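Here the structure comes first, spelled out in structure tokens, and everything after it is commentary.
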């Protein structure tokens, strides 16, 4: 990346992503909920409820961020995250967890697209739009490094405490630091304006004109589908990690839960280092086959999911885990590429709103997939659930692609 781009604001953008992903509970979330006695169906309901509240708040949050200030939207988002973490730490049963999931959903809705929009505005102000994929890929790489460090720290916390509960409390600290960081962002990328009725109508009309463009709709849909898929199924890999950890002949004299906690932290650490590198390589990947990259990687992700489920079903856990890593790598190469493609086709003042609509599509799909996955996992096991969900998505993608080509 051009050395001119490596400045103070680049460091702030990168630090934001790094701190945002210091969610120490992520590596153990499903294991935590299972430990509290929840079934896969109940977990699926919680995930679906979170996505539904995101759907309710998503588009209004994009308009609010665009019109009244992105910094304010992000600060509100992080306050809801902190509330959610606190409820998780204090709770033991389904209904309080539902409240925590709903709070998390509101936070996600106000955060989604907002920071990306600030980055794109910053690049436009400095006439660096041509670097958008490269720049966003590098800042996203720091997010993945945050996830890697988060997993390692979480593994150490679980190893010494023997409990998943405390990691929610520790997760509050980096989010408080991020609040202060957001306050230091320059005002010119906040885009706070005094709302007027005619301006709102103009914004809404312009927005609908933008999303009528076939190129924008195509990118939004393909991006949303894979992101929704990974978001719905990613945490269900944790029981697989437990199985892999149990067969590794180290720390044999350590309590099983502590050993599993440390090794799962290490697994995620390695995965996120790999995804960090994938984000950095996004611009090079996009340059090789720009026209077909979104479709090809979408198909590859679903094929990996089918293979993952098959190997999981037959207890070939290591291969299943490697295929899961492949899905993660695909998502983190796709994200900067498709964000850049959208920015090429959407005016900057509409960017946050359009990305919010993309997230809305993603959350609708995530809600359905999370519920379907949980019910199927309870009935037939996680391996079958991976195969069924991945096969349905692959089939629908191939059929819709064929219909569009024939048209």
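Glycine residues also receive a Cβ, built from the backbone N, Cα and C atoms like all the rest.
Just so you know, TrEMBL annotations never went through curation; they're auto-generated.
Residues or ranges marked as domain 'Major facilitator superfamily (MFS) profile' by TrEMBL: 1-407.
Per TrEMBL, the feature transmembrane segment maps to 73-91 (among others).
Look at TrEMBL and you will find 142-161 (among others) tagged as transmembrane segment. Same-chain residues lying 6 or more positions outside the transmembrane segment (142-161) and placing a CB less than 8 Å from one of its CB atoms are 14-15, 17-28, 167, 170, 254, 257-259, 261-273, 275-276, 278-279, 332.
The transmembrane segment feature in TrEMBL is assigned to 167-186 (among others). Proximity of distant same-chain residues to the transmembrane segment (167-186), defined by a Cβ-Cβ separation under 8 Å and at least 6 residues beyond the stretch ends, is recorded for 9, 12, 15-16, 19-20, 22-25, 28, 71, 74-75, 78-79, 81-82, 85-86, 88-89, 118, 122, 153-154, 157-158.
Same-chain neighbours of the transmembrane segment (236-254): 27-31, 34, 40, 159, 260, 262-264, 267, 312, 315, 317-318, 320-321, 324, 373, 377, 382, 385-386, counting only residues six or more beyond its ends whose CB sits under 8 Å from a CB of the stretch. Annotation source TrEMBL lists transmembrane segment at 236-254 (among others).
Taken from TrEMBL, the feature transmembrane segment covers 261-279 (among others).
Proximity of distant same-chain residues to the transmembrane segment (299-330), defined by a Cβ-Cβ separation under 8 Å and at least 6 residues beyond the stretch ends, is recorded for 226, 229-230, 233-234, 237, 240-241, 243-244, 247, 267, 271, 274-275, 278, 381-391, 393-394, 397-398. According to TrEMBL, the feature transmembrane segment maps to 299-330 (among others).
If one looks beyond the transmembrane segment (351-373) by at least 6 residues along the same chain, the residues whose Cβ comes under 8 Å of a Cβ in the stretch are 40, 44-45, 47-48, 51-52, 54-55, 58-59, 61-63, 65-66, 70, 109, 112-114, 116-117, 120-121, 203, 207, 210-211, 216, 220-221, 223-225, 227-229, 231-233, 236, 339, 342-343, 385, 388-389, 393. According to TrEMBL, the transmembrane segment annotation covers 351-373 (among others).
Marked as transmembrane segment by TrEMBL: 379-399 (among others).
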